[in-house]
Amino acid sequence: MDLTAALRRITENQDLSPDEMTAVFRTIMTGGATPAQIGGFLIGMRLKGETVQEMAAAASVMRELAERVDVGDDFHRLVDTCGTGGDARGTLNVSTAAAFVTAAGGIPVAKHGNRSVSGRSGSADLLEACGATLELSSEAVAECIRRVNVGFLFAPLHHSAMKHAVGPRKELGVRTLFNLVGPLSNPAGARRQLLGVFGQEWVRPVAEVLQALGSDHVLVVHAEDGLDEISIAAPTRIAELRNGQIEEYTVTPEDLGLRSAPLNEVTISGTKDSLAMIRAAFSGERIAAMELIAANAGAALYVGGEAPDLRRGVERARELMTSGAAAQTLERFVATTKELAQ
């Protein structure tokens, strides 16, 4: 199917079959579409509403074209904490901080991420502020995971085919299909994920996409306060994919043994602010930031198999911060990226 035919279909509110979506998305990702066609397609898909089958097909193309990171067969518990972003709440870099706590707890992490698109600080922005080198080869990223238990998969380096859609995405300035399929396309093939989404209506569908793609254990989350993380200020809706089955439920901060706090206690003005909060939490200060990081790192420890349930995952995450293990893992990561870049 060519793009013109696809545009005609979606403007008539008709869904694309998996084969049709695969063909269209491959055309976009290999430079066969004009900027106007790409922009029209993305807006048309958003207005129509992306289906599970369409998202799965798009993610499969992204995975196929990605620059892979091969960590070997010993890392079957590999976890990613990358979310969609786009919640516009301006909180600290929770998923990035959670990655280092999780790695300190013995679970290998392939943290997929980028610079800020909608938030005040993206994963890449934060890690550069820490002094890390992000522009590493795939082999160097894999080696970083082997040495430190965590590596950063900088999206522009691993999804170079995305360059064809960068211009239209920036000019559109709104959430598109790419926000949804990016976190579904981990270049290291992580089959375990904590994945925050920007709207509650996407919790179940994204879990269904990962079910179709063969993931092992995933929590897709969105909080009632709008946060695309597990929140300390409101209940969080979760779709859990495990053993091929999806279960939906809601957890409160109290359910997880968390101290509730308003989101303004974890709101940042920029990257420096975020880093200061994370360093304070990693030094053992029982601030709201520690609770928010523990909530999400605890979930990642759970999907990685290091905790039997969410509540005990949260307890373990706190221990890893108060003991200094998370801070040490971050320091080792920064030093290792510099060494591998030489």
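Cβ coordinates come from backbone N, Cα and C, glycine included.
Fair warning: this is a prediction, and the values are worked out from it, not measured in the lab.
What Swiss-Prot says about this one:
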BINDING   Gly83, Asn114  anthranilate 1 binding site
BINDING   Gly83, 86-87, Thr91, 93-96, 111-119, Ser123  5-phospho-alpha-D-ribose 1-diphosphate binding site
BINDING   Ser95, Glu229  Mg(2+) 1 binding site
BINDING   Arg169  anthranilate 2 binding site
BINDING   Asp228, Glu229  Mg(2+) 2 binding site
* **Ser95 (5-phospho-alpha-D-ribose 1-diphosphate binding site) and Asn114 (anthranilate 1 binding site), distance between Cα atoms, whole Å** => 12
* Structure fact -> Simplified DSSP label at Ser95 (5-phospho-alpha-D-ribose 1-diphosphate binding site) comes out helix
* Structure fact -> For Glu229 (Mg(2+) 1 binding site), the same-chain residues 6+ apart in sequence with C-beta under 8 angstroms from its C-beta are Gly83, Thr91, Val94, Ser95, Gly196, Val221, Ala223, Thr236, Leu292, Ala295, Asn296
* Structure fact -> Listed in sequence order, the residues of the same chain lying six or more positions from Arg115 (5-phospho-alpha-D-ribose 1-diphosphate binding site) whose CB sits under 8 Å from its CB are Gly122, Ala124, Asp125
* Would you mind reading off the Cα separation of Arg169 (anthranilate 2 binding site) from His112 (5-phospho-alpha-D-ribose 1-diphosphate binding site), to the nearest angstrom? => 19
* Counting other Cβ atoms within 10 Å of each Cβ, which of the binding-site residues His112, Arg169 scores lowest? -> Arg169
* To do: Measure from the CA atom of His112 (5-phospho-alpha-D-ribose 1-diphosphate binding site) to the CA atom of Asp228 (Mg(2+) 2 binding site) and give the result in Å, rounded to a whole number.
  => 16
